[in-house]
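Below: the structure, in structure tokens.
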Amino acid sequence: ASSALGAILAVLASLIITANALVAIVLLRLIQKSGSKGLYFVLNLAVADAMVGFTVMGLVMDEFSQPFYPPHIFCVLRMAFVTSSSAASILSLILVACDRHLAIRKPFHYFQLVTGLRVGVRLVGLWLVAAIVGFLPVLTPHFQNISTHEKCSFFRTFHPTYMLTVFCVGFFPALFLFIYLYCDMLKIASVHVQHIREVEHAGLAGGCPPFRTTSDMKAMRTVAVLVGCFTLSWLPFFIASVVQTVCSKCFPYKVIENYLWLLGLCNSLLNPLLYSYWQKDIRLQLSQLAADVKRRVL
């Protein structure tokens with residue numbers, strides 16, 4: 001069972017690193033061409049997801065090194081890096097959704113509001129918050145679960161109160177913020193559609209395509225897909241973690257760590273795949289990158 005879990009983690013981590021590395025290369029090329037500051041948030045999402053893959057590789061080594069009983073502080077630091085990377089990925093999703101929301105709410109002031117300095121400050125703040133969330137058990141020994149002769153895992157390293165704290169302070173607010181942003185974008189898009197219908201009814205449209213409505217729908221579609229995948233990936237893990245915290249014997253923690261946590265990690269693989277499928281610019285850049293590699297190889 002340990003070897004099977006290690007093999008699954010190894011394949012998942014390899015796919016996460018490869019997919020996000022390709023998307024990061026494509027995004028760098030897009031940023032050089034367009035100069036869009038909003039793409040830095042998507043690039044940061046790819047970097048955070050790639051870091052999730054690298055931190056999972058450490059757990060793969062543990063699974064294939066049985067019996068392996070590292071010191072307690074080693075497990076705390078290793079799981080802190082895993083948690084920080086996952087928190088950075090979730091926070092990056094929030095920044096991407098906020099950026100798309102701002103582009104819809106204030107389209108004429110978007111480029112004045114999204115400057116290089118503001119983007120840099122937000123990204124630095126994001127990684128500081130992610131580091132605080134991940135390394136909180138290191139700074140607060142009360143959140144550590146003292147255990148010996150055990151492999152590194154969440155519930156053998158972190159106290160259940162830490163999982164409850166992360167759920168109440170981190171996951172729930174992030175989910176509610178996602179829902180609020182999407183509902184507000186839906187309201188703004190409906191107002192735009194109503195204005196366009198009024199213009200068409202007055203005979204002033206002149207056969208021009210509704211560009212703003214098309215752009216709004218693309219942004220809403222992107223945010224909706226991200227919110228849906230984020231919820232489906234992480235919600236079962238956090239709900240089971242809360243149940244485990246309240247009633248330690250009501251839910252087997254091995255199911256949470258071996259299956260539901262893997263489902264949450266899949267979100268780091270879905271993010272680059274979704275952007276590669278839904279965003280036309282990224283698809284074009286990927287095809288050009290593949291053509292360049294093929295031409296150089298042949």
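Just so you know, glycine gets a Cβ as well, placed from its N, Cα and C.
Just so you know, TrEMBL annotations never went through curation; they're auto-generated.
Taken from TrEMBL, the feature transmembrane segment covers 6-28, 40-60, 80-98, 119-140, 160-182, 219-239, 259-278. The domain 'G-protein coupled receptors family 1 profile' annotation in TrEMBL covers 19-275.
Remote same-chain residues near the transmembrane segment (80-98) are listed as 41-42, 44-45, 48-49, 51-52, 54-56, 58-59, 122-123, 126-127, 129-131, 133-135, 137-138, 166, 170-171, 174, 177-178, 181-182, 222-223, 226-227, 230, 234, 264-265, 267-268, 271 (criterion: CB distance under 8 Å, separation of at least six residues from the stretch ends). Summed and averaged per residue, pLDDT over the domain 'G-protein coupled receptors family 1 profile' (19-275) gives 79.
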